[in-house]
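Listed in TrEMBL:
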- A:C41-A:C46: disulfide bond (DISULFID)
- A:K50, A:D296: FAD binding site (BINDING)
- A:G174, A:G175, A:G176, A:V177, A:I178, A:G179, A:V180, A:E181, A:E197, A:G256: NAD(+) binding site (BINDING)
- A:331-439: domain 'Pyridine nucleotide-disulphide oxidoreductase dimerisation' (DOMAIN)
- A:H429: active site, proton acceptor (ACT_SITE)
Amino acid sequence: MKSFDVLIIGAGPGGYVAAEEAAQLGNSVAVIERNAVGGCCLNVGCIPSKAYLQYSRWLSAVQALNKNGISVAVNQIDFPSVVRRKNKIISTLQSGIHMTFKRNGIHYITGEAKHVEGKIFEVNGERYYGKHVLLATGGAPFIPDIPGLSDIDYLTTNTFFDMETLPNRLAIIGGGVIGVELAYAMKSFGTDVTIIEAAPDILLTVDPDARSIVKEKLQSMGIKIIVEASVQKVKKGSVLLSDEEIPFDRLLVATGRKQNLEIPMAMGLELDERKQFVKVNEYYETSMKNVYAVGDLIGGHTLAHAASAEGVKAVRAINGKKERPVSPYSIPRPLFIDPEVSEFGMSEEEARKKGYDVIVEKMPFSFNGRAICANETEGFVKIISETRYREILGAVIVGPDAADLIHQILAVREAEGTVDELANTVFAHPTVSELIQETAKRIMKHQ
Amino acid sequence: MATEILMPKLGLTMTEGTVEHWFVNEGDEVQAGDAVAEISSEKLTSEVVAPESGTIIKIVAQVGDVVPSKAPIAYIGKPGEQIGSPTPSAGAPEPKAVKTAAANEPAKTESKKKDDGERIFITPIARKMAKELGIDIRNVVGTGGNGRITRLDILRYQASMESPAKDRAPSASAVSYGAGLAGLRKTIAQRMMRSVQTTAQVTNHRKVDITELMKFRDEIKSKVKDPLVHNELSINTLLTKAVVLALKDTPDMNAWYHNGEYIRVEEVHIGMATAVEDGLVVPVIQNAHLMSLSQLGAAIKKVTTEARQGTLDGSLYSGSTFTITNLGGYEIEYFTPILNTPEVGILGVGAIQKELALEDGEVVEKLKLPLSLTYDHQIIDGAPAAEFLGKIADYLQDPYRLLL
């Protein structure tokens with residue numbers, strides 16, 4: 001039996017980042033992965049969707065040229081070549097992780113981990129023991145119980161990126177972040193897309209002002225959005241709602257994710273009240289001593305970067321360096337369509353509920369010179385602050401490179417800076433970032 | 001263009017000087033090399049001479065002013081010339097003059113700070129909070145990166161300021177306690193030492209039969225349909241409830257003794273000793289006597305979680321009237337907790353023990369909870385302390401009373 005200081009199960013963003021940290025702290029480390037290194041994020045999530053969405057950007061630049069004095073024609077969309085490029089990006093990043101593992105002496109084990117007892121696991125007939133075990137087994141697409149679904153060939157995010165030919169008509173059940181990003185990408189390639197959402201609106205977790213801009217954009221592109229849909233049945237080639245039939249060539253089911261709880265259950269770890277997530281303490285330790293869990297498994301913002309941040313903290317706690325847990329208010333939540341959306345922290349409503357004397361200011365990109373030049377004036381910067389210290393409680397950006405821009409505000413917040421520091425920083429002119437400063441200056445005017 | 005007369009730098013260590021005397025007035029003509037002023041530094045006095053011939057057009061430092069070395073104290077120019085008047089040959093004088101004049105003020109403050117040591121790193125929020133709370137940041141130990149003072153440092157410092165225990169310590173010893181330690185460690189060291197130096201601590205130990213309590217828990221759990229999400233039936237919550245009830249029955253124990261004053265407190269505020277990343281803090285559940293089991297369970301979870309996450313409100317780090325400290329998770333049975341002064345009692349909780357007992361001639365399994373009560377013998381004697389512990393035991397052994 002091989003023994004390691006830290007045995008990590010799952011090589012997604014939670015596991016592989018934690019592995020590197022553990023190795024650098026001098027631990028002997030092994031990572032077990034049943035699928036591909038990089039987890040869902042790298043293989044069937046964040047990265048492949050961004051590879052596709054890059055084409056949307058390029059294609060919308062072509063449209064912009066045509067509308068603004070330069071005529072260009074798109075002659076052919078060679079989808080197999082798009083898929084090949086996506087695969088190449090994935091393998092580049094995978095080999096990057098393998099290199100990191102090699103450089104840090106991290107033992108990588110391919111295969112399904114089965115719990116034997118205590119902190120002993122078996123992979124391909126070989127046993128492994130971890131003095132400390134870190135579970136980062138993530139999740140898988142959740143498939144709702146829809147009549148007829150199991151009889152047809154549908155896609156999930158696990159299979160979507162294997163699709164080699166562009167469908168003419170794509171129906172997507174689920175209007176969350178994943179559903180919307182893929183709808184946007186596929187519409188850019190020319191596919192007819194319908195989003196079917198059972199909730200009262202798409203993107204319910206997103207700031208309402210941002211949501212309405214996104215929704216308008218999707219609709220202006222010709223994406224059909226059906227909300228409060230009641231899916232009666234699915235059959236080959238169509239989704240039957242209570243009042244209409246949505247035809248499709250391919251159907252994508254993107255209705256959220258469920259946690260991979262097989263190993264935590266086998267180990268008898270305590271779960272939360274709803275039996276959905278693994279219960280951990282402030283240092284990410286589960287109910288079993290020296291067994292830790294991070295990422296999708298423990299809930300919260302189930303995003304790649306949250307998992308990585310948690311993994312690092314768990315490993316530090318294992319090494320006797322206890323840190324405060326990742327704050328849910330410090331996790332940026334991006335949506336990568338055009339305009340991009342990103343937000344972090346408290347909403348205005350949440351801040352009021354917490355008793356802050358709230359100040360909210362919102363400025364549109366249509367006031368910003370650089371955004372006007374770039375023809376990207378949809379969107380805004382919104383900062384949620386308060387009167388006492390002008391603390392940065394939250395922010396929402398919709399607009400050019402919002403997912404990157406938001407870090408300017410977040411970094412100031414993390415350094416315990418306030419709106420004052422944003423307002424007093426000299427921003428280069430003309431930049432889209434200036435709108436952040438403009439918004440901060442507006443807040444400074446409140447007394 | 002105007003020429004500056006500068007505060008000299010006499011030797012490597014001189015950073016500033018004081019203008020002692022002016023030999024000239026504005027408007028006087030001077031020759032290069034004429035003495036115009038006398039200045040003093042920490043070590044010596046010296047004359048300042050005019051760097052070139054001309055008219056003294058402006059004196060910017062008055063007698064008694066402290067001016068950084070290399071900063072201007074006066075300007076020489078042509079009669080009637082303004083310091084700021086732009087000259088075509090060099091566009092610099094105006095901005096330069098304005099700049100140096102403006103630089104004067106901050107430079108002065110900086111030199112003042114230097115007397116007290118090095119530059120203080122502090123986050124903007126912490127600085128605002130310190131200002132609002134009237135905290136002198138030179139006294140706060142920073143625990144952030146680079147020794148930076150963070151929000152949490154201010155909150156914890158505020159708690160130590162508010163703690164009445166601080167006044168109680170002789171000031172001389174306060175300096176030596178915690179010497180060589182930093183941040184929270186230092187605060188803990190000081191508090192512990194003050195506690196043992198100023199109280200007469202005795203600890204009573206006993207076990208309490210909680211077999212019935214565990215049955216009571218299981219029974220309620222099986223009968224309540226919604227999941228119990230507030231820890232209302234955790235041992236810690238039930239025990240805290242028993243302690244709160246016993247404290248209401250024993251006002252002498254729910255009290256503060258400091259500065260020669262013994263105060264029985266009407267409200268019960270329970271301190272819950274909580275291990276955090278860099279030490280131990282005692283977040284407070286205020287008005288625990290007004291809470292139902294689910295409120296109490298939720299409040300305990302909230303304050304201890306927030307203390308560990310560093311998000312606890314500063315006002316909740318102090319003000320408890322009685323403290324509970326639990327080492328049951330570490331398989332400890334008994335220990336001798338140290339009073340969280342100015343409180344007069346603290347209860348230590350150990351790990352539940354399985355024991356065999358004879359009941360009607362039958363051997364049965366009993367669950368026993370070891371408790372350690374430390375009290376200040378200045379205030380409470382052994383027998384009343386034992387009675388208090390007995391009351392806690394009564395509530396735990398007759399658990400339905402916890403619901404009343």
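Please read every residue number as a count from 1 along the shown chain.
Cβ from N, Cα, C; glycine included.
Feature map: annotations from TrEMBL on the structure.
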residue	record	Cβ within 10 Å
A:C41	disulfide bond	23
A:C46	disulfide bond	21
A:K50	FAD binding site	16
A:G174	NAD(+) binding site	25
A:G176	NAD(+) binding site	21
A:I178	NAD(+) binding site	23
A:V180	NAD(+) binding site	28
A:E197	NAD(+) binding site	23
A:D296	FAD binding site	30
A:H429	active site, proton acceptor	9
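Counted with DSSP, the domain 'Pyridine nucleotide-disulphide oxidoreductase dimerisation' (A:331-439) comes out as 39 helix, 31 strand, 39 coil.
In this entry, A:G174, A:G175, A:G176, A:V177, A:I178, A:G179, A:V180, A:E181, A:E197, A:G256 make up the residues listed for NAD(+), with the farthest two CA atoms of the set 14 Å from each other.
The shortest Cα-Cα distance from A:D296 (FAD binding site) to any of the recorded positions (A:C46, A:E197, A:H429) is found for A:C46. Summed and averaged per residue, pLDDT over the domain 'Pyridine nucleotide-disulphide oxidoreductase dimerisation' (A:331-439) gives 96.
Looking only at the recorded positions A:C41, A:C46, A:K50, the one with its C-alpha closest to A:G176 (NAD(+) binding site) is A:C46.
For the recorded site, A:G176 (NAD(+) binding site), the DSSP three-state label reads coil. Look at A:E197 (NAD(+) binding site): DSSP puts it in coil.
Shown in sequence order, A:I172, A:L182, A:I195, A:I202, A:L203, A:A254, A:T255 are the same-chain residues outside A:G174, A:G175, A:G176, A:V177, A:I178, A:G179, A:V180, A:E181, A:E197, A:G256 whose Cβ sits within 8 Å of the Cβ centre of the NAD(+) site. A Cα-Cα distance of 33 Å separates A:H429 (active site, proton acceptor) from A:V180 (NAD(+) binding site). Considering only the recorded positions A:C41, A:C46, A:K50, the residues lying within 10 A of A:I178 (NAD(+) binding site) on a C-alpha to C-alpha basis are A:C46.
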